[in-house]
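These come from Swiss-Prot:
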- His79, His237, Asp241: Zn(2+) binding site (BINDING)
- His264: active site, proton donor (ACT_SITE)
Amino acid sequence: MNAYQKTIGRAVTLSGVGVHGGAPASARLLPADADTGILFQRSDIKDSAPVCAHVSQIGATDLCTSLGAREARIDTVEHLMAAISALGIDNLVVEIEGPEVPILDGTSARFIEAVDSVGVVTQDAKRRFIRILKTVRVEAGNSWGEFRPYDGTRFEVEIDFECPLIGRQKFAHDVDEETFRKELSTARTFGFMKDVERLWAAGLALGASLDNSLVIGDDNSIVNADGLRFKDEFVRHKTLDAVGDLALAGLPFIGCFSSYRGGHRLNSEAVKALLSDETAFEIIEA
């Protein structure tokens, strides 16, 4: 457990396209002072106010997690937030050119590479953590998510798809920087070929491609020539998403998060439920 807050050594920029709008997008990561937190700002909108990376600022959870509202909304923050969280970075300003964080390769790997290229700086301020004191659970139909006390940071994510290629998969592991790098960071976002036309008609997935998505064909086979990176790559990516979504609690947590058939909305509702119950957690200093 890192005792002191961290930021990055210098600014670094990543460019690509937005997975939903398909337009060019870039993210410039800049160092920030201790106790700043993670701030997002639309650099393409004059005088736009920074938005705190916090569950209270979530604007939408349809296929991705969005922060802010109206014309200054920033979509698809989860892969970047997962990398930031896993690397133990507490303070950062993220300038976004366009309405989306670039999808890059559909994972957190490129964000980690960018941070590695500029280094991490330890700051003269202690880290704070959310320690889970009791179980908090949310349900939606046959899906659920819950926090419970645990001496560490653990994710137990289970998915269950009708598609036989995916089926029922579970990832259960304590997640620290090393685990995230090795087991989760390269797991790709995924989708079904049968959904493509519907998504396009809705103005979504316009930037999706085999370069940034794992695609399941109509015959339930992998369309990508390189196949799966892990036999359970699907649940690993869902866990990556959960790491990013839960980072919007505003502080790293000590406890276990479990979910069944979860997603961005359920993840965010679980965080909101936790933070709304002051008896369910305490804030501690490292």
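Here the Cβ of each residue, glycine as well, is placed from N, Cα and C on the backbone.
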Checklist entry - In whole Å, how far is His264 (active site, proton donor) from His237 (Zn(2+) binding site) when you measure between their Cα atoms? => result 12
Item to check | Residues that sit under 8 angstroms from the residue listed as 'active site, proton donor' by C-beta distance, when 6+ apart in the chain | outcome: Thr61, Asp62, Leu63, Cys64, Thr65, Glu78, Asp241, Asp245
Checklist entry - Among His79, His237, all listed as binding-site residues, which has the most CB atoms within 10 Å of its CB? => result His79
Checklist outcome for this item: A correct count of other C-beta atoms within 10 Å of the C-beta of Asp241 (Zn(2+) binding site) gives 25
